[in-house]
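Trainee: Dumping the structure here so I can ask a few things about it.
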Amino acid sequence: MKNILSIQSHVVYGYAGNKSATFPMQLLGVDVWALNTVQFSNHTQYGKWKGIVMPKEQIGEIIQGIDEIGELAKCDAVLSGYIGSAEQVTEIVNAFHTVKSRNPNAIYLCDPVMGHPDKGCIVADGVKEGLIKQAMAHADIITPNLVELRELSGLSVENFEQAIEAVKVILTKGPKKVLVKHLSKVGKQADKFEMFFATEEGIWHISRPLYQFDKEPVGVGDLTAGLFLANLLNGKSDIEAFEHTANAVNDVMEVTANSGVYELQIIAAREFILTPRSQYKAIKIV
């Protein structure tokens, strides 16, 4: 069994961060060591919440604790998502290096959550800069959305072709694999949900339905990053992992849309996470 150290947010109510990613990864047969960067009552897009940001020292101390009982070498991957403070970025990078020293084959997937004030996604000052200047260079895989793609590449990215160029730029900055979780308004079709996956071997594009919500569910990117990493650890090829992830997330979104509920319906869609009924295919475009 593969093991993922998942360092991201926790919400008591609803689905975001580790709450959105842990159960789906476990469904795929991967053990998840969840380390929470924050503990909030609910995700920040409600506009109000209670809770705490975990002290930055907690990350290193918890890693040390796992190491001291001789289990850290069993960690196959580190996944980072929503980060509670700029100082935590450094701690997460250090944690990955510690894991890597115990298991040289371990990989790091960075989901570079930078915040989106227009949508109510709020992150602490300095987190964006830390992700760009520190985490990206150490990540084997990075999973930006459109906002994060612009920040990581330093390009404006106003159309499909510029998105391709931005992905190519990121591949020169450290990551070996880039999964763009949502092309948003720079996609080819306004009525579709479109994604990219890129390596040195090329760029693949996948398109699936875009569901309409009164309020967009939160935690979709966390679910996407977790499923992609779990699929890779389970031995799927890059493209198999990309397709399974896109299809499983599509099915979760369809179930959620049909439910009329704001929060992701991960439990209700559990069978489709394991075996997606959707069968959208990735097409190589570069």
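Quick reminder: no glycine exception, Cβ is built from N, Cα and C everywhere.
According to Swiss-Prot, the protein has these features:
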type	residues	note
BINDING	S9, T44, Q45, D222	substrate binding site
BINDING	D111, E148, K181	ATP binding site
Trainee: Between Q45 (substrate binding site) and E148 (ATP binding site), how far is it from one CA atom to the other, in Å?
Mentor: 18
Trainee: Out of D111, E148, D222, which of the binding-site residues has the smallest number of neighbouring Cβ atoms within 10 Å?
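Mentor: It is E148 that, of the binding-site residues D111, E148, D222, has the fewest other Cβ atoms within 10 Å.
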Trainee: Taking the centroid of the Cβ atoms of D111, E148, K181 (ATP site), which other same-chain residues have Cβ within 8 Å of it?
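Mentor: Result: P112, V113, I142, T143, P144, N145, L179, V180, G221, T224, A225.
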Trainee: When you measure from the Cβ of K181 (ATP binding site), which residues in the chain that are at least 6 apart have a Cβ under 8 Å away?
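Mentor: Listed in sequence order: T143, P144, N145, M195, V220, G221, T224, A225.
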Trainee: May I ask you to report the DSSP-based helix, strand or coil state of S9 (substrate binding site)?
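Mentor: In three-state terms, S9 (substrate binding site) counts as strand.
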Trainee: For D111 (ATP binding site), name the DSSP secondary structure in the helix/strand/coil scheme.
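Mentor: Note: D111 (ATP binding site) is coil by DSSP, not helix or strand.
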Trainee: Which of S9, T44 (the binding-site residues) has the most other Cβ atoms within 10 Å?
Mentor: S9
Trainee: Just checking a number: largest C-alpha distance across S9, T44, Q45, D222 for the substrate site, rounded to a whole Å.
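Mentor: The span, Cα to Cα at its widest, is 15 Å.
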Trainee: Where does K181 (ATP binding site) sit in the DSSP three-state scheme?
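Mentor: In the DSSP reduction, K181 (ATP binding site) maps to coil.
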Trainee: Report the nearest neighbour of D111 (ATP binding site) in space among the binding-site residues S9, T44, D222, comparing Cα positions.
Mentor: D222
Trainee: What is the number of other Cβ atoms found within 10 Å of the Cβ of Q45 (substrate binding site)?
Mentor: 19
Trainee: Please report the Cα separation of E148 (ATP binding site) and D222 (substrate binding site) in Å, rounded to an integer.
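Mentor: For E148 (ATP binding site) versus D222 (substrate binding site), the Cα atoms are 14 Å apart.
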